[in-house]
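> Take this structure first; my questions come after.
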Amino acid sequence: MDNLYTGISKSIESLPPEITFSYGYIFTNFKKLKWPWLNKRKIDNVYLSNHFFFILQEDAMAYAIEVLIFFSSELSVFYISKADSTGFFNRHGSPSPLKAVISTFLSYLIRRFSRKNIPSRISLFSRSQPQYLFPSSSLNPSKHILDDRELVRWWLKVLDSVNGSQCPKKYVLIPGMDPRETLKYTPQHVDTDLNWICGHPYESMGQSAGEIIPRFPDDPKTRFLDQLDRDGEVVSIDKFWELMAFRQECIHGRIVGFFSLEFPGNDQDGTNNTITEDLDLQNGIQINEKIYRMVYEKLLRSDFETLEKSKGATLDLINDINNSKDIKDSVDWIKKVSGKKTSEDKKRKAIDISEQLKPVNILNESLIRKKSKKK
């Protein structure tokens with residue numbers, strides 16, 4: 001992938017030009033983590049960067065995703081914190097581009113922020129909710145809220161298309177569901193190395209679950225680990241997942257999914273690019289952590305029930321970013337992309353198919369027996 005803009009443009013080029021939208025991407029610099037990541041009793045030497053990507057259509061937020069990137073000495077973790085839609089995206093009768101765009105964004109992050117000889121992991125917990133990022137968007141009748149099973153399938157398709165410099169191992173775990181049923185949700189590949197594994201990536205060399213499972217904000221694994229700490233319990237990694245099936249997030253007849261993509265370390269370091277290079281490559285803008293936090297918290301207090309309210313909330317958020325001292329007046333960080341498939345492309349494809357379907361005479365003339373004349 002050359003850069004984020006090129007990648008997103010390519011991901012939707014098979015869609016018609018009517019599919020037009022803009023996107024924005026903001027992120028913060030890495031700062032030392034202020035809470036325990038592995039060991040509850042001490043602050044680990046881990047660094048965190050926040051990344052927020054959003055899609056606009058008709059000047060209103062349509063979709064957004066937040067990814068938290070953690071750097072430890074042994075692992076880079078890309079934790080998908082939250083993702084949500086408003087229901088204000090006009091597909092014009094075409095397939096939705098959202099899965100392809102989000103896969104492209106995650107692929108960009110993996111390539112851009114990979115570190116030399118250090119493995120990377122994408123981590124995600126999915127649970128169906130009416131809204132995550134956009135308050136009151138659940139009141140919009142146009143918003144299609146995926147149920148628990150639909151959401152698991154949606155994320156499996158998104159993550160299945162994520163590409164790093166090397167192919168990842170892909171893990172999915174649905175607490176309380178047996179492996180055979182779980183794998184029915186996953187995309188299947190002719191190359192079995194590309195198929196999903198029912199399980200988790202955490203390998204224990206005698207350590208307890210609390211020593212090898214990182215802690216993330218607003219994450220059910222973290223809540224369970226904290227509960228175990230308060231109760232003074234130490235459990236193995238296998239016991240941890242066995243008990244997780246009985247946690248509040250995983251019961252009441254609804255399924256939840258835990259996903260992990262494991263990318264091996266490589267000999268290239270993607271973190272050497274400077275901020276200036278990122279701006280030239282149209283790869284988003286870095287802003288101050290305080291501004292990021294202010295914008296994010298304002299988002300969670302906004303109203304996205306109607307299109308007009310969504311436009312107003314979107315404009316306020318973008319103005320807050322533009323008015324910060326981190327943004328130069330000349331920087332155009334909101335990028336517009338469109339599908340490129342035309343009616344001529346469709347016609348040409350139809351002609352190609354009809355040509356393939358034409359019968360072809362493959363008989364040799366010498367093999368055709370001529371009918372003898374009657375005497």
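Each Cβ is built from the backbone N, Cα and C atoms, and glycine gets one as well.
Annotations for this protein, taken from Swiss-Prot, read as follows:
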type     : residues                               : note
BINDING  : PHE125, HIS144, ILE145, LEU146, TRP154 : acetyl-CoA binding site
ACT_SITE : ASP219                                 : active site, proton donor/acceptor
MOD_RES  : LYS221                                 : N6-acetyllysine
> When you tally the Cβ atoms that lie within 10 Å of each candidate's Cβ, which of the recorded positions (HIS144, LYS221) has the highest tally?
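In terms of Cβ crowding, the pick is LYS221.
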> Reduce the DSSP letter at the residue listed as 'active site, proton donor/acceptor' to three states and note it down.
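Where the residue listed as 'active site, proton donor/acceptor' sits, the three-state DSSP reduction gives coil.
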> Go through ILE145, ASP219, our recorded positions, and report the one whose Cβ sees the most other Cβ atoms within 10 Å.
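Per the Cβ count within 10 Å, the most buried is ASP219.
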> Measuring Cα to Cα, how far is PHE125 (acetyl-CoA binding site) from ASP219 (active site, proton donor/acceptor) in Å?
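About 7 Å separate the Cα atoms of these two residues.
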> Just to verify: the residue among PHE125, TRP154 with the fewest other Cβ atoms within 10 Å, which of the binding-site residues is it?
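Fewest other Cβ atoms within 10 Å, among the binding-site residues PHE125, TRP154, is found for TRP154.
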> How far apart, in Å, are the two Cα atoms that lie farthest from each other among PHE125, HIS144, ILE145, LEU146, TRP154, the residues recorded as binding acetyl-CoA?
20
> For ILE145 (acetyl-CoA binding site) and the residue listed as 'N6-acetyllysine', determine the Cα separation and express it in whole Å.
24
> Calculate the distance in Å between the alpha carbons (Cα) of HIS144 (acetyl-CoA binding site) and ASP219 (active site, proton donor/acceptor), and round it to a whole number.
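For HIS144 (acetyl-CoA binding site) versus ASP219 (active site, proton donor/acceptor), the Cα atoms are 24 Å apart.
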> State the Cα to Cα distance, in Å, between LYS221 (N6-acetyllysine) and TRP154 (acetyl-CoA binding site), rounded to an integer.
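Rounded to a whole number, the Cα-Cα distance is 22 Å.
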> Quick one: Cα separation, TRP154 (acetyl-CoA binding site) versus the residue listed as 'active site, proton donor/acceptor', in Å?
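Roughly 20 Å, rounded to the nearest whole number.
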> Three-state secondary structure of HIS144 (acetyl-CoA binding site) from DSSP?
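For HIS144 (acetyl-CoA binding site) - judged by DSSP and reduced to three states - the answer is coil.
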